[in-house]
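Features as listed in TrEMBL:
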type	residues	note
TRANSMEM	35-54	transmembrane segment
TRANSMEM	66-89	transmembrane segment
TRANSMEM	96-121	transmembrane segment
TRANSMEM	161-186	transmembrane segment
TRANSMEM	218-239	transmembrane segment
TRANSMEM	245-263	transmembrane segment
TRANSMEM	275-296	transmembrane segment
TRANSMEM	308-331	transmembrane segment
TRANSMEM	374-397	transmembrane segment
Amino acid sequence: MYELKLDLISTTALAVVLLLAGHQIKHRVRFFETYCIPAPVIGGFAMSLIVLILREAGLATLRFDTTLQGPFMIAFFTTVGIGGSLALLRTGGAALLIYLVLCWFLALFQNSFGAAAAAAFGLHPILGVMAGGVSLEGGHGAAAAFGPVAESLGVTGATSVALASATFGLIAGGVLGGPVANWLIARHKLDIVANKLDTRLPSAHDHEADVKLHSHSLIVTMGLVLVLMVLGMWLSSAFEKSSGFVLPAYVGAMFAAIIFRNINDYTRTIRLNRAAIDTISDISLGIFLTMAMMSLKVWELYDLALPLIGVLALQVLALLLLTVFVAFRVLGRDYDAAVMCAGLLGHGLGATPNAVANMGAICDRYGVVSYKAFMIIPLCGAVLIDIVAIPFHTWIINYLG
């Protein structure tokens, strides 16, 4: 069998081409657009299927040099940390705090429940964590990040399970969110009225600029991200030496960025450029996730298929029950609560874009926009949840490993 090895430059070039191809396919195929399947997943997974076909046909094996996947991943989580301003908690008031606690609980529950379900199906408990909060509430980014950590502890196929679960979650979250919210509205005969909410950002954020992107601001932001990456790697190394627990470098970088952001909110030392931050975030996430997907060893899922489906089915059922019987009630049992439930199912199983799409579908259906939902769900689901979720992912993987 012929073996083709791609070096670092070739692998990175292929990843960028696949990323661009994924964007083109997404825009042309309605299914991918409807269910918010990320472009890196489309392009990267298509490549992994090509690798599988070549391998199973006995024609060739492909090996990629994914050395740059790690740095791009750390850069992405650093930009997530820069967005983690605790002052934003004041913006949403009690509703935001209630929803955030729900999200934190869900991260703890999905991991613990997944580990127990996996053990019941005869799988390693860590594979249940990979099919739990890591991939469902965490999405493809967390799946690609934590899979290798689990594999370093001897859990074969962890990355493949995590990425496959994240893909399943995207579809399930997109399919279920709207219908469940619609059922809640009809079942409880809710008044189609949205509560007003002060969506003005606190004054501590007045120094964050939404100006156009230019070369100087991009270089300044890149420098900031790189410095925080270095500090984060040092923090992770120091923590591991002192505690014995493996703290991935991207976790340390994220918390270094959170600390910086909240200090900078009050000292206003650096004027942050949101466009530059978003650009670096998009590029780093796109390349690192494409590399993770194109390197996916699909054949490792063969023996795990049925047990994995069982674990994921139980996860979906558990979140449905939590949404209908707990979340809807504590969020106020009104129209806003129903719309937020659509969002919870979207990002609780898939990703924040799913949540936004679900809520948009409900608001379009009834002609009333829930500004509360559109402010709270993206903020919690994309940023604030990681303050608790990522440390817990790290702890439970180390504990079960």
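Backbone N, Cα and C define each Cβ position, glycine as well.
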Count the Cβ pairs between the transmembrane segment (218-239) and the transmembrane segment (35-54) that lie under 8 angstroms and are 6 or more residues apart in sequence, then report whether there are at least 3. no
Tertiary contacts of the transmembrane segment (66-89), defined by C-beta under 8 angstroms and 6+ residue spacing from its ends, are 8, 11-12, 96-97, 100, 141, 144-145, 201-202, 204-205, 224-226, 228-229, 232-233, 249-251, 253-258, 260-262, 265, 272, 277-278, 280-281, 283-285, 287-288, 291-292, 295, 379, 382-384, 386-387
What residues elsewhere in the chain lie close to the transmembrane segment (35-54), defined as a C-beta under 8 angstroms and at least 6 residues from its ends? 14-15, 17-23, 25-26, 60-62, 140, 166-167, 170-171, 174-175, 285-287, 289-299, 350-351, 353-354, 357
Hey, which of 96-121, 245-263, 308-331 has the most Cβ-Cβ pairs under 8 Å against the transmembrane segment (374-397)? 96-121
For the transmembrane segment (245-263), distant same-chain residues with Cβ under 8 A (at least six beyond the ends): 70, 73-74, 76-87, 145-146, 149, 152-153, 224, 228-229, 231-237, 239, 269, 386-387, 390-391, 394-395, 397-398
